[in-house]
Amino acid sequence: MINRSTRPQRRETSEARLAFWLMLPAAALLCGVLLFPMLTTLRDSLFLNKLTEPWLRGFVGFQQYAQMAGDPRFLQALRNTLFFGVLTVGGSFLVGIPMALAAHTPSRIRGLARVALLLPWAMPPVISGLIFAWLFNGQYGVFNDLLVRAGLIQEPLRWLSTPGLAVVAMVITIVWKTSSFVALIVLGGLQGIPRELTEAAEVDGATRVQGFFRVLLPLLAPSLAVAFIFRAISAVQVFDIPYTFIQQAPAQGLLETLGVYIYRTSIEFLDFGYGAALSVALFALSLAVTAVYVRFVRDEGTT
Amino acid sequence: MSEADQPKPRLNPAERVGRALALTALVVGGFFPFVWMVLTSLKNEGELQKFPVQYLPSGLNLGNYARVFSEQPFAQFFTNSLVVSLLATALCIVVAVPAAYALARLHVRGRGVLLTTVVAFSMFPVVSLLVPLFRLFRGANLLNTYPALILPYAALSLPVAILTLVAFFSAIPRDLEAAAMVDGTDRVGAMLRVVLPLSAPGMVTAALLVFVNSWNEFLLALSFNTKLTMRTVSVGVTLYQGEFAFPWPLIAAAVVIATVPIVLLIAIFQKRFVAGLTAGGVKA
């Protein structure tokens, strides 16, 4: 608006040209390292390509997708993924929201609380898996020790080698690791809400609990939606923690997620074709979640 | 915005207790697993194999830390992680800053679509990229080199870096650039001399997010750099376990060393991390 001597159209074309050059390196990196390989996977999924049976090669169309429907291991992995997804996303909200509220209230140890909030989020997932495998150790684990001391169990539980318990252990591990993310996004939302709003509700006679559900929660809806979408996508793709757990747990079938099954199909069984088809299925699942996100962003309006 | 300005809420005694309990749970829950690894790393096998658990080690036994370095080339793993993560961060930020500037500041047609596309890129499952990237890098003779990890790490973190920077750039008043342009500099000059210096905190924030992502990545590091001297720490910590044996004090010591950079960054830059996650997640 300041530079009146230039005509608006010309300024817009020169700006558009500048913008193009500024965005080009990012576009090149994203397309070269992410988009192109993804398209390769899409193509690979239509071809047989198994290193252990190199004589069976060639275009098979959607045959490998049809194969999934009759593959009990895939169906199990899909069920596991969805099951863990529901439990860990739900769990991370149940734990994460109170964490955010605790970290939001002013206190002398706010800095410490914030570090405690960030640590699980920033910890490498593989390392979180290792730490919790140790906490859940069947002989000398802390969880067993606490449960025995509390008188809740007589003998140490073999968490990782008992299928049902291994599932519980993994859910707890993933919830520990991911609640922080939910808490941080919610904390961001809380910081954007003027305190007067919650105080006004209190003056009107609402208890703190009522104030939370009637005033705070609706205002937090955008943050919660963002946290939900990102959590849902990471849950669908979860790999590192199940991979670490499976190394230590004989109860493998119940712990194998889609991500782990794809890795094993491609890298351990060297079946690149079927692995690619499974990858596309996982991507489709992620896209389904993304579609919800896009719709949400469109409804809210980008600013 | 500033937390010091916020008035202290009036709390009744029950609420005080509740808040104290919640804060304690938060701090203990966040720190305990890490503290437990530190304690485990100081124990010997004998102290470890006790039930009920012996919580404190009997002395400052640093032997496990020495063994971490003597049984695997862990110093090399650490250097590899440092080089890869720092270079991936540098590459990512150098590429993200101009793109984010264009998206936040210039008249770009289809800006909403472009931002949505950026978000969509962060949805790619890494495991789906594994085989094609492996073939690409094998063809280019890049396996077991730093670029084999730097390129994908920079690309994988690019969406979050761009979204974070867009949020930071958008918060800088346009009048400042306009004023600089009246004073005779062009748009690129205004970008370099006004906007970039002011958004240094945003760049630090984005860089921290990229660094943490790169330091923590496991799957690609496991698959692309298989030569022992090219391993990164996230893979390195898993190399101490035998087929049936888990030397936990040793693993614990490796875990502690591997997380030192992360813990340090978190302790120093906690506010920046919170700002970054909030900006990238919610505002963009």
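Along the chain as shown, the residues are counted starting at 1.
Every residue gets a Cβ built from N, Cα and C, even glycine.
Note that TrEMBL annotation is computational and uncurated.
As given in TrEMBL:
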DOMAIN    B:78-269  domain 'ABC transmembrane type-1'
TRANSMEM  B:20-39  transmembrane segment
TRANSMEM  B:77-101  transmembrane segment
TRANSMEM  B:113-134  transmembrane segment
TRANSMEM  B:146-169  transmembrane segment
TRANSMEM  B:190-212  transmembrane segment
TRANSMEM  B:248-269  transmembrane segment
The transmembrane segment (B:146-169) vs the transmembrane segment (B:20-39): 3 or more CB pairs under 8 Å: no
Close approaches to the transmembrane segment (B:20-39) from elsewhere in its chain (Cβ under 8 angstroms; 6 or more beyond its ends): 55-57, 252, 255-256, 259, 263
Other parts of the chain folded back onto the transmembrane segment (B:190-212), taken as Cβ under 8 Å at six or more residues beyond its ends: 85-86, 88-89, 92-93, 96-97, 101, 105, 153-154, 157, 160-161, 164-165, 167-169, 172, 176-177, 180-181, 262, 265, 269, 272-273, 275-277, 279-280
